[in-house]
Amino acid sequence: MASSTPSSSATSSNAGADPNTTNLRPTTYDTWCGVAHGCTRKLGLKICGFLQRTNSLEEKSRLVSAFKERQSSKNLLSCENSDKDGRFRRTETDFSNLFARDLLPAKNGEEQTVQFLLEVVDILLNYVRKTFDRSTKVLDFHHPHQLLEGMEGFNLELSDHPESLEQILVDCRDTLKYGVRTGHPRFFNQLSTGLDIIGLAGEWLTSTANTNMFTYEIAPVFVLMEQITLKKMREIVGWSSKDGDGIFSPGGAISNMYSIMAARFKYFPEVKTKGMAAVPKLVLFTSEHSHYSIKKAGAALGFGTDNVILIKCNERGKIIPADLETKILEAKQKGYVPLYVNATAGTTVYGAFDPIQEIADICEKYNLWLHVDAAWGGGLLMSQKHRHKLSGIERANSVTWNPHKMMGVLLQCSAILVKEKGILQGCNQMCAGYLFQPDKQYDVSYDTGDKAIQCGRHVDIFKFWLMWKAKGTVGFENQINKCLELAEYLYAKIKNREEFEMVFDGEPEHTNVCFWYIPQSLRGVPDSPERREKLHRVAPKIKALMMESGTTMVGYQPQGDKANFFRMVISNPAATQSDIDFLIEEIERLGQDL
């Protein structure tokens, strides 16, 4: 705290005091309250509270009111407020003559570092503000060749010699300028959308810490956060809090791959040392609507894509259990060994939920590993209203759950949850002596890195943990319920309009709403190969116009023999009914002349 100069009366009354300490002690309530005003709100209130113990009620009220008024008058985002000695105040700085070598750890580099980072924060805050501003574009689209050739001083080529910090700041601005604002309320293109401010703060701090998740030794708090959060997620799935395991991975595709590795190790542990040649010819089962990562994992892990058997789905995209059992029996008759079934809770395109209870019955009957890919639908477990759609998930051996989708956590944040403790460790452990020494001074069971197939592992947990603390489980529940309500609103708005046609009948189970826009030229035209071919070209044309205008973004795709259709997904808590209305109007505007 800064020292205060006592008044003359105070000086006379302290004539016999120690001259080395007298001037360090403010002697009036006003002086002390001035000191309190320079502190954080929490500490300042404590100081004021201490002063009030022997003061009158009138004086107490005056002191606290003065402190609160002073605190509330401060601009919380002001750099002038961050340090009372002014080190973090913005000053005019000529960055054209400054380079990376002038920043910390350079000698006398603190001031330049502060000014540079304040400029970066200014860029970031402007971007955040514009992201939530509906009058701004979702994207400023340019073709690859335009960006590669350079845009108004924005050059992607790397140079041999250092460029000034002024140019680096320009590059920071332009990188955001020409990117896509995935947090914009009218961005509906992917399953991962939104820009959560608490999560953003967590990611800033994560990058600043710049640590690795392989041992407690170098990431003590993050390792404990991960264990606590994974335990909570397993409980929400419906497993015993004492059992189970899990780890955060780079994404749902890797989490799904972990599940196949765990299943293979559980039934055939010798594969770890002897390879696939030592085990029978194994087959995996997944639905024809499941995520392509199951086939990709089959290829990467040595099963081969021919041994990833696709199960038929009904018109809503759900696995037909009878076809699963038929294909299991067919595989056994051909000499294959069925190993693993993947059920999807929230398919990528239709948002369908496979009948997990019936699939679990079949897996138990034939002793197969059941995995539930709830990358997209796992968030619904947080909702008392919607979690019934994942009924039976507690019977799974493993679950993929991506908080970076429905829960709005910033990319990347995916978890693989395993019901049986020890399988991930046994499957992946290599006991690298330079990392996982058994004779450390702490409990080495907290060195979780050997469960992962990676060595270096990004800290994905902090932003998620911080968001959960800020929102609570109830906050996530409300957020998810709102997104599903918006999907119901969209469905109700277009289902009976002649310019739209639903891909399948019935209300959506998830926030996926799949539909065709029918231009005037195709309305009332009977179904035929020619009409389907023309309809197939409608969605891509509208999407191209949409991107050129930059007003909104929504995805499209074919499915089976169906022509290209729009797949609307809602996972951004910032979206409202007005944004849904805008999307419909924009599709009509862009498609009216097709």
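In case you wondered, yes, glycine gets a Cβ from its N, Cα and C as well.
Residues or ranges marked as compositional bias 'Low complexity' in Swiss-Prot: 1-13.
Residues or ranges marked as region 'Disordered' by Swiss-Prot: 1-23.
The phosphoserine annotation in Swiss-Prot covers S78 and rests on similarity to another entry.
The 4-aminobutanoate binding site feature in Swiss-Prot is assigned to Q190, L191, S192, R567; the stated evidence is similarity to another entry. Summarising the environment of L191 (4-aminobutanoate binding site), the number of other Cβ atoms within 10 Å of its Cβ, over all protein chains shown, is 22.
What Swiss-Prot records for K405 is N6-(pyridoxal phosphate)lysine, and it gives similarity to another entry as the kind of evidence. Using a 10 Å radius centred on the Cβ of K405 (N6-(pyridoxal phosphate)lysine) and all shown protein chains, the other Cβ atoms total 26.
Under the DSSP three-state reduction, R567 (4-aminobutanoate binding site) is assigned to strand. Candidate binding-site residues: Q190, S192. Fewest other C-beta atoms within 10 angstroms, Q190. There are 23 other Cβ atoms within 10 Å of the Cβ belonging to R567 (4-aminobutanoate binding site). If you take the Cα of S192 (4-aminobutanoate binding site) and the Cα of K405 (N6-(pyridoxal phosphate)lysine), they are about 4 angstrom apart, rounded to a whole number. Taking the mean position of the Cβ atoms of Q190, L191, S192, R567 as the 4-aminobutanoate site, the remaining residues of that chain whose Cβ falls within 8 Å of it are N189, T193, T348, K405, G555, V569, S571. Put simply, K405 (N6-(pyridoxal phosphate)lysine) is 6 Å from L191 (4-aminobutanoate binding site) when counted between their Cα atoms.
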